[in-house]
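Peer 1: Below you'll find the structure I mean.
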Amino acid sequence: MANPLGNRIYQVDIPRPSQELLQKLSEAPAANLDDAMNRLFAMDTGIRALNSHPLCGPAVTVRVPDGDNLFIHVAMDMVSPGDILVVKGGAGADRALLGELMLRYLVPRKVGGVVIDGLIRDLDYIQEECPFPVYARGSSPNGPYKNGPGEINVPVAAGGMVVNPGDVLVGDPDGVVVVPRDDVEAAAEAVQAVQEMEHSVIDRIGQDGVFIRPWMDKKMQEWDTPTLSL
Ligand SMILES: O=C([O-])CC(=O)C(=O)O
Ligand SMILES: [Mg+2]
């Protein structure tokens, strides 16, 4: 057998949450979902939405070297409908890992989206035609090499967060939140409570201009801040 270190493909049947659970996660803004997870689960701010389609689905993960997409091509044949292809490229990359041809190939495969910790190209297609969400650090006309190696369905550090195969990624223009696969139900429940709280605050602001902030009164009592006159 070839040396599998940095050169392996796990054929895992990732957990795929029910449509109902995914719906609950995706109907809230990513910010509220992150609040529901105590504000610790967002990818770093370099990972940006390149079109406006909402992102929500379980991850198939890929690790590739700087500027090389051979194993992304292999992973494209492993995604099921709704899956999010999550790629960790090398840190010093100056070339795109994916572009229009690959994205067009993923359309009939009904991929749920693509999140690239690295660069993409063919931005016009992504912004104007691609029917699913694409997130990446940016774009470059420099194209990828296709030499390998790589790993598929291993834990990757994408956008500064550990992403395991089957973790659920939820994204909107604010960025991407990673829900560990064992926490999906708890997160879906917790986000509903955050949503209800936000809606009641918004309603009061709209109704009578009152912003309910019990935490502010509590903190300011602790500070006992003097009000001075000049
Ligand atoms: O050449 C590549 O592998 C990436 C690309 O631009 C495309 O898929 O259109
Ligand atoms: Mg291209």
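Cβ coordinates are placed from backbone N, Cα and C, and glycine is handled just like the others.
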Peer 1: Which of Arg109, Arg121 shares the substrate site with Gly99, Glu100, Leu101, Met102 per TrEMBL?
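Peer 2: Among the candidates, TrEMBL records only Arg121 at this substrate site.
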Peer 1: If you measure every Cα to Cα pair among Gly99, Glu100, Leu101, Met102, Arg121, the residues listed for substrate, what is the largest value in Å?
Peer 2: 11
Peer 1: Return the residues near Gly99 (substrate binding site) by Cβ distance under 8 Å, restricted to its own chain and a separation of at least 6 in sequence.
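Peer 2: Counting only residues 6 or more apart in sequence, the Cβ neighbours of Gly99 (substrate binding site) under 8 Å are Ile120, Arg121, Asp122, Tyr125, Gly143.
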